[in-house]
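J.: Below you will find the structure I want to go over with you.
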């Protein structure tokens, strides 16, 4: 299995710290609002990575944090007249509702930053004792000049960043690139006692502390959205490696942006879609199929047409499964399909080959469609029950790491199609050619064609 490592900018063979285990940390949401469809892409991508590791037999320790103390949270809580804790509790609850709606597997642990204040203080104190941090008027900063490898993840030269707009300007700091580990108390903000006076932690130190506490000094995979490479992940590396003297993470993974109608998503452009918005319109499996239809390192464009195309594609796959289900009671028990059963197994091998190559979900999905096409051509009423059952099982097996094809259809597809055929026959008798043509075209759009036979009208699936 190969993973593209942002740190080395190349694909590397995956070798975990502990055999057959994966220690994985994904940066989670700041809980002051509903998460948007761009966040959903990141969460679904790394949920799929986790599911695929499990499919391949690994035990995955999957940590995703909640940032529940932050400038944005404080501002919103003050604006609403509630405590930061009340705001965090509310949106953590909303997060779980939307995450469950997207079929995200629950994390092994979802630590909250405010649960780690004591350990964060100890972490910062350790950095200060080793000469990597300094205190000014109750604020504690990380000394980037003391960490000689600063910039190795993002490729940013420290000197080039001195006057950068992404760095907070503070004349008290030794270097403009130095960042806050601990912030002194300000009016209207939550604060905790510390050796430097009352205050609260900086953003970057929270993840370093929680990851180390729950996963150890060196973890296998640290992941997040591409916009976290700098400064967040760069600063995490500096803090963690300065504190432990060990590599923080063996592999760094980052998911690319999601645009809306070829524009960056933003509230000012009125194109800001929350996961909850999209879940009102589309099933979770449709959303997952769309968001996984491109490789996770490739930017993806969301349009109404593209999500509708994903919906149609998913229906085609379910049509194949449902057609197989309708054949189960009409199979030839004595037929020898042993060669075809072996041929079906080749699709599992192809799927693994694609997914082992840096979790290439786009190519993995293509394998599933190739499998469906093969099934539609080769499995029919003359096939053995073993072949039909194997085909159903394999479709669902390959869909599982992607979080698709896991639903059991509640309706009987055969009865539904037969009902539509009868409606079409009645329309033709009544010379309602428009309705008859519409029913025929609707069925064709679903991959179903009608055939006139001496025994009456029959239907079958085709690959569109």
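Glycine residues also receive a Cβ, built from the backbone N, Cα and C atoms like all the rest.
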J.: Looking at the ranges 7-17, 18-28, 29-39, which is given as motif ''HIGH' region' in Swiss-Prot?
T.: 29-39
J.: Among 264-268, 269-273, 274-278, 279-283, indicate the range for which Swiss-Prot gives the feature motif ''KMSKS' region'.
T.: 264-268
J.: Just checking, which of 27, 207 (binding-site residues) has the fewest C-beta atoms within 10 Å of its C-beta?
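T.: If we count Cβ atoms within 10 Å for the binding-site residues 27, 207, the smallest count is at 27.
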J.: Who sits close to residue 236 (Zn(2+) binding site): which same-chain residues at least 6 apart have their Cβ under 8 Å from its Cβ?
T.: 204, 207, 208, 211, 222, 248
J.: Would you count the other C-beta atoms found within 10 angstroms of the C-beta of residue 232 (Zn(2+) binding site) for me?
T.: 17
J.: What are the DSSP helix, strand and coil residue counts for the motif ''HIGH' region' (29-39)?
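T.: Split by secondary structure, the motif ''HIGH' region' (29-39) comes out as 3 helix, 2 strand, 6 coil.
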J.: Write out, in the order they occur in the sequence, the residues of the chain not among 27, 207, 232, 236 that have a C-beta within 8 Å of the mean position of the C-beta atoms of the recorded Zn(2+) site.
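T.: After dropping the recorded site residues, what remains is 203, 204, 206, 208, 222, 224, 228, 233, 235.
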J.: Quick one: average pLDDT across the motif ''KMSKS' region' (264-268), no decimals.
T.: 72
